[in-house]
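Peer 1: Quick paste of what TrEMBL says about this protein:
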DOMAIN    72-340  domain 'ABC transporter'
DOMAIN    749-955  domain 'ABC transporter'
TRANSMEM  441-460  transmembrane segment
TRANSMEM  466-483  transmembrane segment
TRANSMEM  522-540  transmembrane segment
TRANSMEM  546-574  transmembrane segment
TRANSMEM  586-610  transmembrane segment
TRANSMEM  669-692  transmembrane segment
């Protein structure tokens, strides 16, 4: 008798592993479905992708920040521009078949990410982009199903964009809620082809898998241990980089996806974790008949062997597409032999580059070794493997694939959740994100309270006849609450990247997101208005009338919301913060000046008066002023011994003071002010929807290419005269210059019996032991690697040794040159390179290093020595050619070298590096570690965490 499969939880379903679960799903589902699980065949023929980019003569302005002034300057006095076409994919054809796991290999810039985005429907099309060729899914053209394609084809981006305050489990749970699944909606309809008992068992299994799918994903990706930890980001500590990468992968696993395109999912993962994840994907592909394509940077031979097919791209050319077990023999036949001990993937990636010469045999079987990617592509088109692929490309589709179209593809909606349900889910998530950020919420409310008390104490019981004071308090109250929303622009911009990813995956509608985002700000806006408005209104002695107090609060609230929506619109329509920030500040300036207080309406020139009438602040100022001065106590002729009706042509006291500021006296303007603020709110709500729906700033902005700048595999960047290098001629005398003088003391680091305890988030009284009696040492001039699986405690150990832990309890000894070290001593002699590269884009690389050197070295050290240390950093890390280049636009590998340099400029004796090669291809990783090796050779102690080092890097 067969063992009953546990359905009560994800842990029960995964009790015997993914392979057993997948086999069980197939055995039950296919019987009830009356055939195989739905499958998707992806074919593309003569696919070409190109972009029209701007080429300019280099005048030094291309590295400037894209600020508003620089953009205007370039428009009028910029260098000559011309448009050239950059080919990203060059007439490639291929077939990705269901039930197979395909590896996509390529150097950075080879076009592999572009291919995956095109096939998954995620490539951001614009007027400068040209896409040619045919792409079909089970014979259905891509254009026909483009809107619903994300429900069939998943795309895992190589960038990890998540809400930092959500936990891992919450992030996956929300993705599950948004994506739903076909079996959840149409289970009874689809699972009806077996016997009644078989259908019932399949339906129970489908329901259990659906309900527990987030837990299953947590188990499959090894995230169970950190499921209740916040994801975090560059500014908020959370899970490790490898765990964050797995969250990115898991987020796109939900829903009934028939094909998956995964871009560099192994970044930050150790070899064992990568092997386990790829093994799981292999099981899903083989048993569940999924079509899975994965791009990896440095796959180990063991991981490479898990794949069925491999596709190799270089410079947009297709160099190979066929079985993995035939790829080495194919290139051997072209005269390229893989040396013993060389990883097969690194060998394949080097072909078509300058590194291929090390693999060339003396004789080329075809008479000539292919050299460029184009030559490799031409040779491949003449091979038997290519002919087999073309036959598969032109072959008729199997009946089971065509049946998938009618049964599964056509009935699938664009979004699984309805509009209202999706909006409520987003609203719940927005409340969680906003109010989980307690420092921001409490800080904002505390500031509101303090400012309210300052206003009250300064204008305590003002005299209504001092109209300038009264109007000033009204104006300042409006401005303070409204303009405080401008601080949200950076937050909106960060969340926009997450929206692009999730909207591209059809998680929800744009309208639902905008509505939930706007409504989610209302509770905090109400709290701010109540606290500030109550203090100012009653203590400053505005008209003591409950109804007028309510009107006062309502106008402040709608103004707060209207301005918040204006800043949200700016974050949606502006390309980046460099544009959004100055635009928001200029808009604030215009609204303040033309509000009617600083410059009254009567003194504004006629050709500018429209600015007064469109400014929301002018309407709010008018409404609150009328609300105050048209009260019964002020709507009198005699006030304070003055007969206003007699002296001012029949005007009451309130009307007289309103006219002093050119403000209308009809009380209807109070209602008009509320209506106008609401209208502004609705208009910018709609404009925000249109901007987010139809404008995308997903890709890095194009960096202008200089005239005559050739493509080169080295750092062929333009040199400034300051760093211009000249090769010595035969007549030159080359002198050996002395090495840089050491400004540090070599230090031996030792640690003994280290324990680290932190409170358990679920039970603060309980302690979790993260480090358990660790001991070790690192010597000057050496590089020590901390290795282990993701989440094993490598970064935690390094943080403890570097005295960077601010919480928890640490026991054990940390010794520097044999002496027990204090936290201050450790910080003064060490440098720490974070995994994320955060720099000021406005500075040049030399300026960033100089800034670090002068701030962090002791004041007793001369400026000349500090400058010398900067030059040493540039020399050790090979930054000579790019030292005077602005940081904006630098590659990932250049940014990593700069991160190391910024720490090195402080002249530390010990340098800690957290994942210095994460996210880099083999060549870039080798360059980074060569630079680190030079740093170690200078006498410093190097301790670094590292994942999946190639043999070249490790040895």
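Cβ from N, Cα, C; glycine included.
Unlike curated records, TrEMBL annotations are generated automatically.
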Peer 1: Checking distant contacts: for the transmembrane segment (546-574), what same-chain residues at least six beyond its ends satisfy Cβ-Cβ under 8 A?
Peer 2: 477-478, 481-486, 488-489, 492-493, 496, 517-518, 521-522, 525-526, 528-530, 532-534, 537-538, 580, 583-584, 587, 616-617, 620, 623-624, 627-628, 631, 670, 673-674, 677-678, 680-681, 684-685, 687-688, 691-692, 695
Peer 1: Count the CB pairs under 8 A between the transmembrane segment (586-610) and each of 441-460, 466-483, 522-540, 669-692, then give me the winner.
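Peer 2: Selected stretch: 466-483, with the most Cβ pairs under 8 Å.
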Peer 1: Can you work out which residues elsewhere in the same chain, 6+ from the ends of the transmembrane segment (466-483), have a Cβ less than 8 Å from its Cβ atoms?
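Peer 2: Distant Cβ neighbours of the transmembrane segment (466-483) are 451, 455, 459, 528-529, 532-533, 536, 540, 555-556, 559-560, 562-563, 588, 592, 595, 597, 616-617, 620-621, 624-625, 628, 657, 660-661.
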Peer 1: Over the domain 'ABC transporter' (749-955), what does the predicted model average in pLDDT?
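Peer 2: Taking every residue of the domain 'ABC transporter' (749-955) together, the mean pLDDT is 83.
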